[in-house]
Each structure stands twice: as C-alpha cells, then as structure tokens.
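Positions annotated as transmembrane segment by TrEMBL: 15-35, 86-103, 109-131, 143-164, 170-193, 226-247, 267-284, 296-316, 322-342, 354-374, 386-407. Annotation comment: TrEMBL describes 17-412 as domain 'Major facilitator superfamily (MFS) profile'.
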Amino acid sequence: MLGPVVVHPEAPDGGWGWIIVLSAFLQSALVFGVIRSFGVFFVEFVTYFDELSGRISWITSIGIAVQQFASPVGSALSSRYGARPVVMAGGFFSGLGFLLASFATCLAHLYLCIGLLSGFGWALVFTPSLASVARYFKRRRTLATSLALTGVGLSSFAFSPLFQLLVDTYAWRGALLIVAGMSFNLVVCGALIRPITLKEDLPGPAGCGARGTCWARFSSLFGLHLLGHFAFMRFVLAITLVNTGYFVPYVHLVARARELGFDEYQAAFLMSLAAVADLCGRLFSGWLANCRGCRLARILVAWTFLTGVALVAVPWGRDYPLLVAISLCYGFCSGALTPVVFSIIPEIVGIANIFSSMGLLQMIESIGGLLGAPLSGWLRDATGDYAASFLAAGSFMFAGSLVLMTLPNFSSCLAPPSVPEPSAKMEAGEGTLLASATAPVGVLSPHDCHPYKVMPETEEPLTKS
C-alpha cells in the first residue's frame, strides 16, 4: 500500500538536505579523492609492470571514462528506482573492483578491475548523489554543492600521503585492499539519501499522453530529448574540452616532480597542497555564487581560464617553491570551477531534468576523460618530459572557456535577484515558468516509471493498494 506523498512547491533549501550534503561529501571524498590521489600508485605500477607511462595512464583514464560514460545508466536507474539503492549498489561495485585489483598480475587485470568495475561503481554513486543535492536546494544550490564537493579536497589532502605510507608499509597490493575497505563505506552513504518530490516532477498533459510508449520512457530516462537543447549541448562541449585537461595534474604532477629530482614525499606533498587549495576554492566559489552578484556562466568562464593559466605554467616550475605556488593556484582555480559546473545545469535545463542532464553530461565528457591522461603520457614519451603534456592540458581549458562564452545571457553582467529555472525546451534566460500558489499532494503511481513523479490530486489525498 502506498501512502500519500507531499509534493514540495520548491526545493526546501535545508532540512534533510543537509544530511544529503553530508552523504554527498563522503561520496565525493571516496570517489574523486581516490582518483586524484591515484598518482601514488601510478609510479608503483610503472616500476612493477615495467610499462610505458602512456599504458599505465589508461588505468585511471578508463576508470574516469567509465564513471562518466555510464552515468546515464546511474541516472536512469535513479529515475526508475530512486537514488538510494543505486548509490548503495555503486558503493559495492567500487569496493569490489579495488579488492580484485589487489590480486592483479598484469595491466589487463587493472584495466578490468579498477577501470571497468570500480569505474562503473563510481558512475552509480557520483551523479545520483550530486543530483539529489541539487533537488533539495535552489537559492543555496551552489553553496550546498560546494560543501558536498569539498570532500574531494579534504580527501585528496589526506589520501596522497596516506596512500604513499600504505604503499611503503604494505606494498601496492596491501594498499589496494585498504582502499577497497574504504570504498565499501559508500554503501552506508547511499542509505542516507531520501527522495523528495518537487512540483516540477508532476507530469504535464503531454507527458501523460506519451507515457505509455516504450520510446518515450527510454528517452525520458536517458535524457535523449536534451540532445536537441542547443544551449545545453554547447555547455556539454565546453565541459568535455575542460575535462580533457582537468585530470592531467592528478595523474602526472607527481611524476613531473619526480622527474625534476624531488623525492616521493615532496612530490606527494604537492598533491596535498593542491587539495587544500582545492578545498578553499570550492568554498570561496560557493560563497561567491551564493551572492548572485554575477551570472554563473561568467564565474565559470573565469575559473576555467585561470585553471588553464596554472596548467601552462607547470613547465616553468623547475624549483620546488615555484612548483608549490603553481600547485596552489591550480588547486584553488580547479576546485572553484567544479561546483559551478553542476550548479548551472538546472538554470539551463530545469530541475525536473537534473538526473538525465547530469548523466548525459557525464557520458559525453567521458571522451575528454578517456583521452586526457593517455594523451599526456604519449606526449611525455614522445618528447622526453612532461612540459608538452601540461601545455596541451592548458590549451584544452582555454578552448573550453571560449565555448562557455557562447551560453545564453553570458554578456549580461549582473544576475537577477531570482533566476527562474527554464524547462528543457527553452534556453536559459528565455521565457518564464508559471508557479502554482499551493503545493499539490499526490500518490505514487505504479504506472509511472519515475519515482519522483506523482499523479496530481485536486482534492483529498488518496491511498492505493
């Protein structure tokens, strides 16, 4: 028997949403904190398997690409069954991948275990958890997203020296076993996610008529209708370019420092410093966007461009103090742009499309995640050092910032006090939404494939057995 479900007229901007933020904080720490600190294992794998840097780089790149390419699967499953069971399943797959990787005897095993299995688990964890945060907040959405993503900075600061200590103490196999145990905690984090039903989830007349067709359900679950949303697709192209260069320092900055003659702990400390700066950048970005003094698109372009400047400066950091300064600048700017990327999506496509749009974005930008680190490794093998690798990474960031400048209303400097969230059929800034004065109440329909959508009721709430 299904009880009545209250439909919120708008996101509550608090309440249980802060528990969702805490859950997303831990999940981001155990997903991207591990990815960012994996450079410690990169050096060990090069030595143990006696392979070129480009081939070893495919371990992380496959994991990132699968996490992003399979995100529509996580989004569709979350739309159908809710985010909680999907995130819990993803946590299990993530930990299992690292557990099996500790028994690897060749690179192919690492590609399959860490790249495919753990990467698929990350896809089921990251997008649904971050989309759940966006559904609970509107006015404070960027701030809440920033707080959730600070887990990446804190964990990166702790995990880089921790992983180095684990490798020195237990070798890389024992260290991967411990990382597996840490990843299994994602199951607990997923259990904290509680679904919320918003007014935008109510099906309109067109949606009611098309609900019965298989193609309409498939298109709705996977967000295929967004492929015709030109502002969103320009945004996706820009983030794909950004993603190509974004992860290069987290794979090769440690190796770059070792190449310059610094010991392993000095090299790992660079990642810790970048993680601290990343944390500060995320918090500052959340505060700045919460002030609403400037449009999110302009803020995003600024952080993207400054991240590119930091990347192209890496080849000139040949002494340790200068390399530390560059690492701090990169960490701050790259951390600041991340929460803005996810916070601006509802302003482009609307909150009702948040699951499908995030999944589609992650899938398409996986092209950049797949090619970025191997391209960097190939340039290193071709030129003999990492200078060309970081110059190429910075160039991709500059290209992404140029595409972001084509978003609607970018030329308008000041943001309005209250920015309406457009539907998927209009570009950001074009048109307005009509808001209902009262919050409808409804019950979940077993014929509706979306657990957050309800059948609207005009009178007393009903129960259905």
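The backbone N, Cα and C atoms fix where each Cβ goes, and this holds for glycine too.
Between the transmembrane segment (226-247) and the transmembrane segment (109-131) there are fewer than 3 Cβ pairs closer than 8 Å, counting only pairs 6 or more residues apart in sequence, which means the two stretches are not in contact. If you take every residue in the domain 'Major facilitator superfamily (MFS) profile' (17-412) and average the pLDDT, you get 85. Residues 142, 242, 245-246, 248-249, 253, 256, 281, 285, 288-289, 322-323, 326, 329-330, 333-334, 336-337, 340-341, 343-344, 347, 386-387, 390-391, 393-398, 400-401, 404-405, 407, 409-410, 413, 415 of the same chain, all 6+ positions outside the transmembrane segment (296-316), place their C-beta atoms under 8 angstroms from a C-beta of that stretch. For the transmembrane segment (354-374), the neighbouring stretch richest in Cβ pairs under 8 Å, chosen from 15-35, 143-164, 170-193, 267-284, 386-407, is 386-407.
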